[in-house]
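Okay, structure first, notes after.
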Amino acid sequence: MSFFTKLRDRLTRSSSKIGAGLDDIVAEGADDAPAEPAPPVAQPAVPVPVQPMPAPVQQPPAPAEAAPRPGMMGRLFGRAGSDEPRRELDDAMLEELEDMLVQADMGVETALRVTANIAEGRLGRRVSSTELKELLAGEIARIMAPVAKPLPIYPKRPQVVLVVGVNGSGKTTTIGKLASQFKAAGKNVVVAAGDTFRAAAVEQLQVWGKRAGVPVMTAPEGSDPASLAYDAMVRAEAEGADLLMIDTAGRLQNRQDLMEELAKIVRVIRKKDPSAPHNTLLVLDATTGQNALSQVETFQKLADVSGLVMTKLDGTARGGVLVALADRFGLPIHAIGVGEQIDDLDAFDAREFARALVGLAD
Ligand SMILES: Nc1nc2c(ncn2[C@@H]2O[C@H](COP(=O)(O)OP(=O)(O)OP(=O)(O)O)[C@@H](O)[C@H]2O)c(=O)[nH]1
């Protein structure tokens, strides 16, 4: 099964909220007028960064003959969607759309902007649910495209990747999955079990290490994680490892002591290599919804977060939060997780994600 199919099936299973919501919005206000050719759906070949758009201006419906000749996609949609119910895109519909996006955890600001962009030049037109999904997917992909960046690999050896996040966000699982993928790509990977407080966490990482076929460095329970991180750097360097991934204990945002300990890990790592850590990955659990935004803020203050991984997109109707994160922080999204298996993590693809989120086929 391709990752897109998996993403769509699992996102749709849990977060069909947006797709179903769009169907409902159109069906609710659908009129009985005969079908008219579908308005062309903007499909930029190359996603462009989102520009702040002016507020939508009420425009009279474009006369059918004045409409530009639809492109390939427009013609396809015109045919395929001609017998679908249509609803006039007006203020009431836009308001419903905005509410639905907010409920899908996209955040008020982002939902407003996306809705305004959809309205731009289209007010008064009659759109089908499929067209609305295409428009929404296009807007989401435009927001997400600039942040869809796989974990960068540098010539520096070892490249130190520090993995942080709150308890249970999926750090250990993500390290296991990433280590397996980098190993398969021919990289020499070492993993350090920096959560020295919980024996179970160390064991769990060892299980992942075995699965991925990479060594896992551990330290006695209760020992200083910063000193383990230092030892791991010495070993990774001695072994000529390409990548050293350091797991850390999950920390609640309000636990000052744990937060300080993370800062100490970074200080100690820098004694060995002032340019390390080369990446600080913040792992976020999609099921936490809007709380993910405050987690980013908190961890950014404490560690130099360089990128995000979002897990558990399979278990939530709150996938929209990823759009809000991209819009608000612009931090690279390196990967997304849609399950507990080793191959349930893949690089983040803006278009695939956008289409899966609104329930469209590839
Ligand atoms: N459904 C689903 N479950 C996931 C995903 N990623 C991780 N999990 C599960 O989430 C739970 C917590 O994952 P861990 O990797 O242990 O999280 P952690 O951040 O290391 O946890 P702490 O060590 O407690 O801080 C485990 O049961 C994982 O199997 C995902 O993408 N989808």
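Cβ atoms are placed via backbone N, Cα and C, with glycine included.
Copied over from TrEMBL:
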| type | residues | note |
| --- | --- | --- |
| REGION | 1-85 | region 'Disordered' |
| COMPBIAS | 25-34 | compositional bias 'Acidic residues' |
| COMPBIAS | 36-63 | compositional bias 'Pro residues' |
| DOMAIN | 73-144 | domain 'Signal recognition particle SRP54 helical bundle' |
| DOMAIN | 157-340 | domain 'AAA+ ATPase' |
| DOMAIN | 158-359 | domain 'SRP54-type proteins GTP-binding' |
| BINDING | 165-172, 247-251, 311-314 | GTP binding site |
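Feature map: annotations from TrEMBL on the structure.
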residue: GLY165; record: GTP binding site; CB count, 10 Å: 24
residue: GLY168; record: GTP binding site; CB count, 10 Å: 15
residue: LYS171; record: GTP binding site; CB count, 10 Å: 28
residue: THR248; record: GTP binding site; CB count, 10 Å: 26
residue: ARG251; record: GTP binding site; CB count, 10 Å: 22
residue: LEU313; record: GTP binding site; CB count, 10 Å: 26
Checklist entry - Between 0 and 100, where does the mean pLDDT of the domain 'AAA+ ATPase' (157-340) sit? => result 91
Next on the checklist: As a check: which entries in LYS171, THR248, ARG251, the binding-site residues, place their Cβ less than 6 Å from an atom of ligand 1?
Outcome noted: LYS171
Item to check | Where THR248 (GTP binding site) falls in three-state DSSP terms | outcome: strand
Next on the checklist: What does the DSSP secondary structure composition of the domain 'Signal recognition particle SRP54 helical bundle' (73-144) look like, as residue counts for helix, strand and coil?
Outcome noted: 49 helix, 6 strand, 17 coil
